[in-house]
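Copied over from Swiss-Prot, here are the features:
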type     : residues                                                                                : note
BINDING  : Gly13, Ala14, Ala15, Gly16, Asn17, Ile18, Ser19, Asn107, Gln114, Val131, Gly132, Asn133 : NAD(+) binding site
BINDING  : Arg94, Arg100, Asn133, Arg164                                                           : substrate binding site
ACT_SITE : His189                                                                                  : active site, proton acceptor
Amino acid sequence: MSMKQPVRVAVTGAAGNISYAMLFRIASGEMLGKDQPVILQLLEIAPALDALKGVVMELEDCAFPLLAGIVQTDDATVAFKDVDYALLVGSRPRGPGMERKDLLEANAAIFSAQGKALNDVASRDVKVLVVGNPANTNALIAQRNAPDLDPRNFTAMTRLDHNRAMAQLAGKTDSTVNDVKKMIIWGNHSSTQYPDLTASTVNGKLALDLVDRTWYEGTYIPEVQQRGAAIIKARGASSAASAANAAIAHMRTWVLGTDENDWVSMGVYSNGEYGIAKGLIYSFPCTCTNGDWSIVDGVDVSSAFSKEKMAATEQELSEERDAVAHLLP
């Protein structure tokens with residue numbers, strides 16, 4: 001197998017739990033393919049640089065054939081220099097007594113700076129995935145601070161929600177996730193997201209013909225919406241490995257394409273599709289080909305139930321945007 005030229009992959013919050021579950025898989029070729037060498041450009045805050053050094057030592061000790069180089073830094077302009085892919089994992093977690101608005105503002109400062117740095121030094125075709133929460137609004141903040149980059153280059157991760165929704169449906173219908181197609185997560189990566197089974201199939205049969213409507217509305221949707229909180233309660237820590245897995249899958253799909261007759265959920269720049277306000281980063285069903293995404297057309301969202309759920313999560317995203325509006329260029 002002939003090797004390609006190395007590509008540059010930036011990861012922020014690189015000494016954190018999600019990154020620890022992700023970096024070794026990126027370096028082994030799981031994200032971009034077994035013929036694609038990578039240079040990892042790792043960003044951390046100064047107090048975590050020692051911890052990052054330990055992670056880098058471990059990466060070296062794996063002797064990955066595809067790992068063509070490693071940069072470790074606390075300077076965003078160094079980390080993002082010429083990068084082709086940027087996974088923005090690091091964010092300010094919610095501390096005791098912090099209101100959601102405080103959290104939004106603390107993260108706005110981080111993602112404004114990162115958006116500016118990407119704008120200044122990244123590849124013009126950089127693909128950006130925001131994992132750090134609140135992911136949709138953090139992606140919007142970064143995008144607004146990078147006026148020279150195409151807004152389509154900025155995405156937020158709802159693939160974890162998508163995967164959670166697939167797993168729950170497979171469990172209920174006594175099938176495997178391979179049997180589940182055309183899952184949709186609409187809206188925000190938060191508890192207002194709308195896991196929509198209207199178009200979903202299991203083994204070619206419509207999902208909503210196989211499950212009870214009461215279960216769907218009363219059990220399934222809240223379970224998917226609140227799965228992250230359930231994991232924190234059970235594990236005493238937030239989901240890291242499953243988030244890392246979803247981030248790798250999101251990027252891999254964006255770069256290498258979706259399966260035929262299926263789609264994925266991605267938080268992407270709204271151009272008014274399905275009546276969603278333009279400029280929000282909203283999760284839509286998407287297909288990917290040739291390194292580009294497009295929103296799936298023609299999903300039936302005419303039911304009062306769908307309209308209400310899609311509007312509620314859109315409203316939350318609008319409120320988040322308005323809370324940081326004074327910080328947006």
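Cβ from N, Cα, C; glycine included.
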Taking only the residues the record lists as binding substrate, namely Arg94, Arg100, Asn133, Arg164, what is the largest Cα to Cα distance between any two of them, in Å to the nearest whole number?
24
When the number of other CB atoms within 10 A of each residue's CB is tallied over all shown chains, which of the recorded positions Arg100, Arg164, His189 has the maximum?
His189
Enter the number of other CB atoms within 10 angstroms of the CB of Gln114 (NAD(+) binding site).
27
Would you kindly give the Cα-Cα distance separating Asn133 (substrate binding site) and Gln114 (NAD(+) binding site), rounded to the nearest Å?
14
If we take the Cα of Asn133 (substrate binding site) and draw a 10 Å sphere, the recorded positions of Ala15, Asn17, Ser19, His189 inside it are His189
Let me know how many other Cβ atoms fall within 10 Å of the Cβ of Ser19 (NAD(+) binding site).
27
Collapsed DSSP category at Ser19 (NAD(+) binding site)
helix
Which of the listed binding-site residues (Asn17, Asn133) has the least company, meaning the fewest other Cβ atoms within 10 Å of its Cβ?
Asn17
In whole Å, the longest Cα-Cα distance within the recorded NAD(+) binders Gly13, Ala14, Ala15, Gly16, Asn17, Ile18, Ser19, Asn107, Gln114, Val131, Gly132, Asn133 is 20
Distance [Cα-Cα, Å, rounded] between Gly132 (NAD(+) binding site) and Arg164 (substrate binding site)
18
What are the sequence-distant neighbours of Gly13 (NAD(+) binding site), meaning same chain, six or more residues apart, C-beta distance under 8 angstroms?
Ser19, Leu43, Glu44, Leu88, Val89, Gly90, Ser91, Gly132
Taking the Cα atoms as reference points, how far is Arg100 (substrate binding site) from His189 (active site, proton acceptor) in Å?
14
Cβ density check for Gly132 (NAD(+) binding site), other Cβ within 10 Å (all protein chains) comes to 24
Look up Arg100 (substrate binding site) in the DSSP assignment and report helix, strand or coil.
helix
